Amino acid sequence: MFIYLSKKIAIPNNIPLKCVSWNKDQGFIACGGDEALLKVLKLETQTDDAKLKGLAAPSNLSMNQTLEGHIGAVQVVTWNEQYEKLTTSDETGLIIVWMLYKGAWYEEMINNRNKSVVRSMSWNADGQKICIVYEDGAVIVGSVDGNRIWGKELKGSQLAHVAWSPDSKILLFGMVSGEVHIYDNQGNFIMKMTISCLTAANGAVSIAGIHWYAGTRGYVEPDCPCLAICYDNGRCQIMRFENDEKPVCIDTLMNVVSIQWNHCGSVLAVAGSLRASNKEKEFNVVQFYTPFGEHLRTLKVPGKQMSGVGWEGGGLRIGLAVDSHIYFANIRPDYKWGYCCSTVVYAYTKPERQEHCVVFWDTKNNEKFVKYVKSLMSITTSGDFCILASKADETQPQEDAGCEGVSPAKYVLILCNSIGTPLDSKYINIDPLFVTMTKTHVIAASKDVFYLWQYRVAKKLTALEINQVTRTKKGGRERVYHIDGSPSGANDSGQNSEKSLPATRDPICCITATDKTLVVARESGTIHRYSLPNVVLIQKYSLINRAFYMSLNCNSSRLAIIDISGVLTLLDLEVCSAGDNGADHAAAGDPSKFERKDVWDMKWANDNPDLFAMMEKTRMYVFRNLDPEEPIQTSGYICNFEDLEIKSVLLDEIMKDPERPNKDNLINFEIRSLRDSRALIEKVGIEDASQFIEDNPHPRLWRLLAEAALQKLDLKTAEQAFVRCKDYQGIEFVKRLGNLQREPMKQAEVAAYFGRFEEADRMYLDMDRRDLAINLRIKLGDWFKVLQLLKSGSGDCDDALLEQAYNAIGDYFADRQKWANAVQFYLQGRNQERLAECYYMLEDYDGLERLATDLPENHKLLPEIGQMFATVGMCEQAVNAYLKCKQPKAAVDTCVHLNQWNKAVELARTLNMKEIKSLLSKYASHLLEKNKTLEAVELYRKAHHFLEAAKLMFKIADEEAKKRSRPLRVKKLYVLAARLVEDYHEHVKTSQQSKVQGKKSEATFALAGLLEEDATSSDDRIVDNAWRGAEAYHFFLLAQRHLYAGYMENAMRTALHLREYEDVIPAVEIYSLLAICSAANRAFGTCSNAFIKLESLESLSPEQRQPYEDLALEIFTKHPPKDRVIQPSSSPERPAGKMPTCIATGLPIRACQFWMCSVCKHCADEHEISKYNCCPLCHSPLM
């Protein structure tokens, strides 16, 4: 970073200032001082020039309001930025809260304890609470609306400072004694803070400042120190959190009065005074440090006594209260940025992410690509590529890390292209504090060593060269050199980077390189010059000051050096011969005499070794042969200097809204010779301009002359100028123009050459050459204009060209995913392939179906359309498409894939395909292996293989019955299995009907169906007794329902009927139920028979039988084993055969007329069934 004083504002009546605070959001500056002085100021830029932005624009006071209300010297001022409030306090203890109303500040609240003086006030991060500490130990925490939340007296403590933690859970209290105490946000003491920085400090100390950065703009890197505590003796410690055991300790050697973090926590300003080594007098300084304690800059400030420091919201300015003045200093931050291939690469931090957000902004197309990099250290660019240096992520795998004895590297260099795509990376153990790159090498340096990596980009290599690269040893592409060594280049592969290298007494402070030269600067002022690619130490040079930034010109003959105090000097590397006398060195063009102050950026021209641009404060100077041109007012960072044009980027403006970079923040400046040449051509003429350019030759000037000559159709001058700037295409164009006869035709071609296409169109049409206008637009790819020209002409136009135009416009809309617009043009262009794609993207499946119908058979597009339908599950349409293009196997595969097995089987039968059954069984066995039996049942059912489905269903039901699951669930499973058998009967019958041709009776069909069933059925039990399991569990449940409903007679009769189902329900359960029902019905004879059966069951062990015997003894000692009524076993009305059982009551049906279910063919009493809506057994609706 670079800093310089830019403005001074005097306070009236020379009243000394005590404090200053800058509102980071709204830009107000509050300053308090003696004699109850309180002022609010605001600096605003006022300019009409769009190019003048940021620090370069002149700033004036837009507000200068004196706030009256205090009665003593104002000692504390603090802003609440979220609620636009200012809180101030004076030496009498009076606190005033000020609010902004209609552009002016007014008192909102006043408070005075009248006991002690306020030493510090602090708002928390969200502006909801303020903590006020008094010298006598009183603490008050209040809300933003003026209510007291809590108050506390810290007995025996004298308070001096207070700070909130970023999450508002912790309060730090700084004591007059120098101690820091940690409290929670309710005022409960937690612990004393360990102060490491005061080790070996003598005498009494007091706290100069405590500032805890709240993380509102993100952090420089994860786990970054953000809590700064500084003492008046210059000792300072920066901590990660309140009880950090390893803080960063700094000794600033100053008498400190105030400290403050900048807006993003990357720079800490420490303000105070410093005693000169050889003088008694002290002078005011501000020192700037990173969160890791590295010193960045020192700013000397005039005046006697500094009393406060405040950062501007964007971190570009700092305000300093000195005596009765406010000094403003401008800051040029060291942004992490670079420029490659028309792309500005820059990094910034976000509060919600730990990583740096790296933006690759393509300024030509105004597109941006974002990449997130953890612990980013620097961005370096060259040519088309960019190097991102960062700390290695421990979670990521590293090359060579798995090798024995190789520890994981700490840092990584990532080579990216201009859109942020990583092309290569290198893990290194050298801290890359300084990185530079050329077209072939990346050079990274720590304080002791520098590392060379010869990178290669695969896209520019042939296959053979890529193989050679992979075979190249690591040592051939990577080398490490110690700064104290003297490499000779002879068989020198550098040192092994894995070895620990000794520290140097004279560390490296910056580096730069071109394709053939590497320059390394050291803190002592020594500069080493090495050759590249073979690293040989050629020469050493000595400077007075330490270099901060260096740059070599395009032919490596001259080195520009900006030292740490901002002084730019030049060093000739190709030194003059010894015979030159001293008088020559004193000449005006002597680089050794060149010196400019307050320089913070510079860039050599890429095409002229004597041309460079530099930034001095807020002015840009261009030097040609060390002669400056008139300065340009700007605060931009120089991206590129080429073709007499300087490209500059206003990074300060971009960083205000880094997610939306604006082309207005990219500025091009033309240097004087280019401006003069243009003025000569416009005002004097081509001949005089040609003479001027001859005296000041440059390819850009010759190109300017060639373009001006073309405009005037001076083809001879244009050709000569194109030859001088080596523009072969230009020469060819001039020759083509020379072959044209007509003047208007030449003018039209020139207009097209300069991109004035509308003008060229108009000229062609005036000449009645619509074909040339169309060809021009085709070359430009402007198919809308081509279509317009084709339609506007009289007479017939070329149909093929018209279709091409329609299709090209369709492509235009399709590329932008405007499918509906594309469809209209593809229809007119008869482009069926792209039309299908658009219908598919629009999900217009009706349109796709219409297209498939319109296509002829065996069209190459039909399989694609079939695939489109298949991917969205539209089986029928997919099958039609496949059948139309004679791909039956694909049609069947689609049915199988979409689980439409019935359709698959039907197709397979129609097309005589044999493999469908094997495929079906294979898929079913696959499902059964995975225990997905129900899915297999559904598969067979869909494929109309009802018998296989029924077998699986009966298996499931039998397994559930064995597990003694709920009887109702078992009944449902048996019903489902039986229904599948009925579906099988129906399927056999209908298939037989379709086979038998002609008019035959239903009986014939039924007989044919039964015969086929007999032929195909292998399992008689399943086909003949399908309903047996369902009947058993139906009557089992029915008997229990009767029992619980109190119909004992019906319960017993239903239980008696259950005796026929001993093969389905265990006999123990049947006879146990019968015994209960008959005992309840007081039919002890039947009960006795049931007990006899239970005691004689072989399935029961003697231990299991014993309880039945004991229970029988207990019952039949009380009740004789006789039935109350005689139990008729059969109806006297039907002696010939067995009576059907009613499925509604469980009783035999005695009547001759009864109801029969159409599905399960079971009977019920007509009177009883009238109470039901569904069949009690199979649950099919009653018709």
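Note: Cβ is positioned from N, Cα and C throughout, glycine not excepted.
No curator has checked TrEMBL annotations; they are predicted automatically.
Taken verbatim from TrEMBL:
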- 488-499: compositional bias 'Polar residues' (COMPBIAS)
- 1-332: domain 'IFT121/TULP4 N-terminal' (DOMAIN)
- 337-670: domain 'IFT121 second beta-propeller' (DOMAIN)
- 701-791: domain 'IFT80/172/WDR35 TPR' (DOMAIN)
- 1024-1123: domain 'IFT121-like TPR repeats' (DOMAIN)
- 1140-1182: domain 'IFT121-like zinc finger' (DOMAIN)
- 480-501: region 'Disordered' (REGION)
- 67-98: repeat 'WD' (REPEAT)
(message) Given a Cβ distance threshold of under 8 angstroms, which distant residues of the chain, six or more beyond its ends, lie next to the repeat 'WD' (67-98)?
(response) 18-26, 28, 30-40, 105-123, 126-127, 130, 132, 134, 144, 146
(message) Averaged over the repeat 'WD' (67-98), what pLDDT does the predicted model reach?
(response) 93
(message) With helix taken as DSSP H, G or I, strand as E or B and everything else coil, how many residues of the repeat 'WD' (67-98) land in each class?
(response) 0 helix, 18 strand, 14 coil
(message) Let's see if you can do this one: DSSP helix, strand and coil counts over the domain 'IFT121-like TPR repeats' (1024-1123), in that order.
(response) 76 helix, 0 strand, 24 coil
(request) Tally the residues of the domain 'IFT121-like zinc finger' (1140-1182) by DSSP class, grouping H, G and I as helix, E and B as strand, and everything else as coil. (result) 4 helix, 8 strand, 31 coil
